[in-house]
There are 2 protein chains.
Amino acid sequence: MRTSIATVCLSGTLEEKLHACAQAGFDGVEIFEQDLLVSPHSPAEIRALAAELGLSLDLYQPFRDFEGVDEELLADNLYRAEAKFRLMRELGMDLMLLCSNVGTATIDDDETAAAQLRTLGDLAARYGIRIAYEALAWGKFVNDFEHACRLVELADHPNVGTCLDSFHILSRGWDPAGIEKIPAEKIFFVQLADAPQLSMDILSWSRHYRVFPGEGAWELDKFLGHLVRSGYTGPVSLEIFNDVFRQADEVRTAVDAMRSLIWLAERTWVHLQQTDGPDAHYPMELATLPQVPEPTGFNFAEVKAESTKKLQTLLGQLGFACRGRHRTKPVQLWTQGRARIIINGQQARNQEPAIAALGFDVADPVRAASRAMQLKAAPVPRQSQADEEVLQAVSAPDTTEVFLCQGTPDGTAAWTREFGRPADAAAPAGRELISHVDHVNLAQPWQHFDESVLFYESTLALSPSPSTEVPSPVGLVRSQVMRTRDGAVRLALNIAPLVMEKPGPSSESAYPQHIAFACTDVIALARDAVGRGLEFLKIPANYYADLQARFRLAPELLATLQELNLLYDRDQHGEFLHFYTATVGSVFFEVVERRNGYDGYGAPNAPVRLAAQYLLTKQG
Amino acid sequence: MRTSIATVCLSGTLEEKLHACAQAGFDGVEIFEQDLLVSPHSPAEIRALAAELGLSLDLYQPFRDFEGVDEELLADNLYRAEAKFRLMRELGMDLMLLCSNVGTATIDDDETAAAQLRTLGDLAARYGIRIAYEALAWGKFVNDFEHACRLVELADHPNVGTCLDSFHILSRGWDPAGIEKIPAEKIFFVQLADAPQLSMDILSWSRHYRVFPGEGAWELDKFLGHLVRSGYTGPVSLEIFNDVFRQADEVRTAVDAMRSLIWLAERTWVHLQQTDGPDAHYPMELATLPQVPEPTGFNFAEVKAESTKKLQTLLGQLGFACRGRHRTKPVQLWTQGRARIIINGQQARNQEPAIAALGFDVADPVRAASRAMQLKAAPVPRQSQADEEVLQAVSAPDTTEVFLCQGTPDGTAAWTREFGRPADAAAPAGRELISHVDHVNLAQPWQHFDESVLFYESTLALSPSPSTEVPSPVGLVRSQVMRTRDGAVRLALNIAPLVMEKPGPSSESAYPQHIAFACTDVIALARDAVGRGLEFLKIPANYYADLQARFRLAPELLATLQELNLLYDRDQHGEFLHFYTATVGSVFFEVVERRNGYDGYGAPNAPVRLAAQYLLTKQG
């Protein structure tokens with residue numbers, strides 16, 4: 001599959017955009033006209049730069065408001081077109097996108113429109129150029145891809161074909177199965193966009209909210225499947241108008257884009273295998289990736305800190321014990337049950353403690369790393385001694401290091417043998433009530449949220465749950481859980497809105513990250529922790545009055561919850577009891593007890609937590 | 001009119017919110033339940049704080065999902081309600097908002113629902129509490145305010161009335177005229193919200209995009225007019241769910257909110273005068289403001305700079321001359337025609353040149369300042385000598401100082417006499433081709449855009465034109481022109497998106513502000529300026545090729561435009577020729593020539609300008 005991307009998807013100058021596309025590995029680009037108009041580089045210079053970068057210039061776009069007009073306007077439009085054909089010749093380009101007329105069309109007659117397309121085809125042929133005619137979803141007389149194809153058929157000109165755009169087809173609810181009936185040689189170009197399921201006017205939806213395939217709500221694997229069956233072999237291109245991408249780093253966006261296409265190709269291949277059988281063959285080749293099953297658990301979580309003392313104290317109070325020190329580095333391993341926390345003292349000076357890495361148990365780390373790398377994940381450079389286990393790691397969009405670790409049936413981890421038992425190793429302070437890591441909550445920069453979701457879904461095979469919104473005192477937090485079907489791995493990604501104009505909290509301190517531990521008796525653990533002097537996040541009394549009104553809890557339970565700063569929730573399955581520790585740097589811990597298959601995360605309690613943490617940032 | 005505001009409108013803790021409401025001058029507040037739940041303060045403490053701040057606690061909200069349920073759930077709901085009544089007694093509150101059931105209602109029967117409301121009324125009466133029942137736009141069986149009123153009538157209980165919310169009424173397209181038929185004593189509370197005209201699902205629209213009255217698309221003056229005619233005299237409250245307000249400084253938001261209510265009261269008064277005649281009287285009193293006509297022109301623009309040399313050079317090259325130095329301050333006056341630029345060297349160290357103040361010609365400066373102050377505009381402290389003219393000034397939301405100056409028929413300004421003719425005053429360098437300031441373009445922080453529009457509309461009587469969107473290399477810019485009907489004052493407010501992750505430009509340098517001068521012969525002026533060594537913003541050759549394709553200009557004109565870095569546009573009236581200077585600090589200048597009544601701002605050329613300026617920030 002040849003990959004392409006429209007320059008309008010990316011931030012920056014045309015020169016910066018082309019460099020980013022090449023760096024991300026695209027085969028070609030669509031030149032969005034405005035990017036060229038505002039560029040100080042001549043068409044010949046752009047042509048040379050693209051050649052140097054190994055990018056083909058696939059489509060010049062858009063040309064607008066051509067067909068369905070009177071003779072006088074037609075003459076003007078042909079004049080406009082010829083000027084662009086000359087320009088395209090300087091660029092060395094041979095394919096132009098023509099959008100169906102949205103503004104100036106006055107004649108709603110297919111024969112007329114087709115005849116005018118034919119005239120344009122004649123003119124284009126003189127310049128060796130072909131025209132890809134596309135139905136815009138809001139076209140005045142033509143807004144349906146099958147209608148556009150009928151006009152192309154009527155025009156009956158070798159230089160006039162169609163361009164298919166998933167946005168314009170799926171946003172209107174047209175059935176993409178019709179694509180299979182279009183003669184492949186008449187499909188001159190294909191543009192893909194995904195979009196969240198919004199009910200808003202199509203133009204605004206299209207201009208601001210498009211996202212890369214896999215980041216929205218549409219089944220683009222099926223869409224692409226229809227195209228593959230049609231026999232099309234040309235470029236599959238991305239055309240995404242998105243306000244956030246316009247502001248973000250163009251290389252990141254281009255990599256995100258490329259990942260989305262690679263993943264879409266794989267999903268389409270799987271879809272076609274399932275529907276057409278393993279023996280079906282198509283002219284378009286779809287590269288596939290090493291398949292990986294879902295991870296089976298968290299292997300470890302690593303917290304970096306310049307000063308590790310507070311973290312050690314907190315973990316000790318939760319019943320963790322230091323089980324080892326790394327032989328060569330200032331790194332400690334703290335465990336309880338199958339929960340492993342690495343405290344890494346190699347943090348840069350003045351850096352607050354922060355979650356630095358997560359290890360996931362996978363069936364085949366080398367295969368999983370290979371898949372991630374093929375999905376353009378950046379490998380984490382790791383220095384290891386000769387006798388150390390080589391761990392596979394890639395960097396997530398929020399810079400968290402993702403380690404792909406060998407899962408074992410008994411939940412042990414081979415790398416722990418690199419940690420010698422410390423001379424001062426204490427026995428655990430009491431009962432081991434924590435069994436494993438229940439979930440991890442990572443704050444995401446809002447401009448990379450979609451990228452993060454796609455990253456974890458495509459590389460780690462985690463699935464997104466429906467997202468929720470949580471009010472905090474400094475903004476609305478969007479929370480998106482990525483998880484395995486069995487719940488063994490649950491990762492909550494929170495968009496942290498920018499903290500503006502508020503003295504006191506920074507984005508980091510207002511939205512700390514956390515690791516939640518699963519426990520079989522949170523009340524007993526909380527009592528133990530109280531005895532060990534744990535600083536709990538203080539929950540306001542008003543919360544408990546409301547809890548009582550909502551759930552009619554037994555007075556003794558309510559009193560215990562309030563005494564221990566425990567929070568409570570209930571779903572159709574069971575109950576959820578949990579507490580939070582104080583925050584150290586940008587990290588805190590949570591301990592949760594799921595009773596009778598409760599499957600949530602205490603979402604109604606999240607605002608209480610955020611408000612309490614906000615208060616602490618104000619107090620210093 | 002008693003003013004109130006829901007705490008959910010504002011950022012921060014409940015304590016911070018109450019302080020902000022008091023500071024902005026509200027009479028009372030609605031306590032949004034979640035704000036209380038997450039507060040460390042007890043109900044008694046909140047009650048005491050409100051009393052100390054002089055705020056009445058008008059409404060406890062929301063209570064949800066009560067009516068239309070089976071007997072068992074009704075018992076649960078009454079239990080929930082009684083817990084809240086006890087809480088309200090601690091708060092000293094006597095009015096609770098009940099939203100129509102959206103989740104648990106199973107019985108679509110008015111008699112049943114009304115009987116359940118009556119039962120609730122009996123319970124509430126025992127606590128001295130009244131219930132304001134409101135139809136949510138997405139209520140399961142009740143989503144229409146008149147339906148809610150029928151249930152209240154059926155319930156026939158002195159403690160059960162209705163709450164009217166403009167969002168829930170206008171978002172559904174219900175006719176608010178029906179409000180006049182509701183018995184005033186049954187309207188227990190009123191909530192106002194405005195909203196932009198979006199076509200999206202009502203719930204998302206309501207939860208994220210509400211704005212203060214005057215900042216959206218609805219005719220809230222007519223809405224409030226119906227309410228006034230009904231005889232209602234209770235609080236008029238604001239309930240605005242807005243993602244941006246959640247992030248912004250709560251005091252600013254509260255002031256913006258108060259301004260919107262004051263302005264709405266005035267507009268409603270004007271509306272009632274016009275429709276019911278000047279002798280009509282109503283139980284609710286609507287305070288009015290000093291009326292002011294539109295300003296008649298720009299009196300001056302002030303640019304601050306630590307080093308003023310570059311600005312002086314630029315203005316000299318444009319044909320301006322220094323006509324005076326202030327007698328006591330390092331301030332110069334540069335003029336050409338009626339365009340006056342004050343260059344103020346009193347800037348703080350290391351501050352780049354920036355637009356600091358704008359003077360507007362108004363009919364009555366004292367009256368205009370009084371109006372602005374009553375609209376909560378912050379006065380600008382100004383030190384003046386005994387013999388100096390006292391200038392009235394207020395601070396705009398983006399911190400630009402707005403001076404209200406005495407307009408004169410001949411366009412002169414009395415304050416200029418304070419500027420002595422400098423010893424080194426040069427004659428103007430050539431012909432005076434610039435006549436006046438055509439428009440000023442100010443970048444607005446995106447979180448205060450709506451506030452800025454309302455500020456200029458309410459205080460200065462400028463009207464918003466339809467807004468446009470302009471792509472720049474680092475984000476999409478939303479541009480909103482505020483103008484007088486005759487075009488004598490045109491102020492373009494641009495939302496500058498955050499510049500993120502891009503090395504090089506800051507938000508300030510990527511989105512500089514500018515002053516545009518009107519000129520009768522921009523080609524001649526450009527030639528003069530070339531002769532004087534002016535550094536023009538360089539316009540790329542590709543732009544001119546496209547100009548030719550679009551407009552078929554005469555080859556000589558095209559060559560002249562390109563030679564002089566002039567840009568071109570055309571509308572149904574006439575033509576627009578303009579050029580930009582280089583940027584100094586965050587300021588640049590534009591010179592425009594409007595031919596035959598062209599009424600725009602060259603919007604198609606703005607992306608060319610932004611891209612060229614972006615390139616300069618990259619180069620150094």
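Counting begins at 1 with the first residue displayed.
Cβ from N, Cα, C; glycine included.
Just so you know, TrEMBL annotations never went through curation; they're auto-generated.
Divalent metal cation binds A:GLU134, A:ASP165, A:GLU239 as TrEMBL records it, and from the list A:GLN116, A:GLN191, A:GLN197 the residue named for this site is A:GLN191. TrEMBL lists A:HIS439, A:HIS514 as Mg(2+)-binding residues, and of the candidates A:GLU352, A:GLU575, A:GLU590, A:GLU593 the one it assigns to that same site is A:GLU590. Sequence-distant contacts of A:HIS514 (Mg(2+) binding site), defined by Cβ-Cβ distance under 8 angstroms and a gap of at least six in the same chain, are A:VAL440, A:ASN441, A:TYR580, A:VAL587, A:PHE588, A:PHE589, A:GLU590. For the domain 'VOC' (A:436-594), the mean pLDDT of the prediction comes to 91.
Separating the Cα atoms of A:GLN191 (divalent metal cation binding site) and A:HIS439 (Mg(2+) binding site) is a whole-number distance of 38 Å. With every protein chain in view, the residue among the binding-site residues A:GLU134, A:ASP165, A:GLU239, A:GLU590 whose Cβ has the most Cβ partners within 10 Å turns out to be A:GLU239.
Listed in sequence order, the residues A:LEU97, A:CYS163, A:LEU164, A:SER166, A:PHE167, A:HIS168, A:PHE189, A:VAL190, A:LEU192, A:ALA193, A:SER237 complete the 8 Å Cβ shell around the divalent metal cation site centroid, once A:GLU134, A:ASP165, A:GLN191, A:GLU239 themselves are left out. Same-chain residues at least 6 positions away in sequence with a Cβ under 8 Å from that of A:HIS439 (Mg(2+) binding site) are, in sequence order, A:VAL481, A:ARG490, A:LEU491, A:ALA492, A:ALA516, A:VAL592, A:TYR601. All protein chains included, A:GLN191 (divalent metal cation binding site) registers 25 other Cβ atoms within 10 Å of its own Cβ. Each of A:ASP438, A:VAL440, A:ASN441, A:ALA492, A:ILE515, A:ALA516, A:PHE517, A:PHE589, A:VAL592 belongs to the same chain as A:HIS439, A:HIS514, A:GLU590, is absent from that list, and has a C-beta within 8 angstroms of the C-beta centroid marking the Mg(2+) site.
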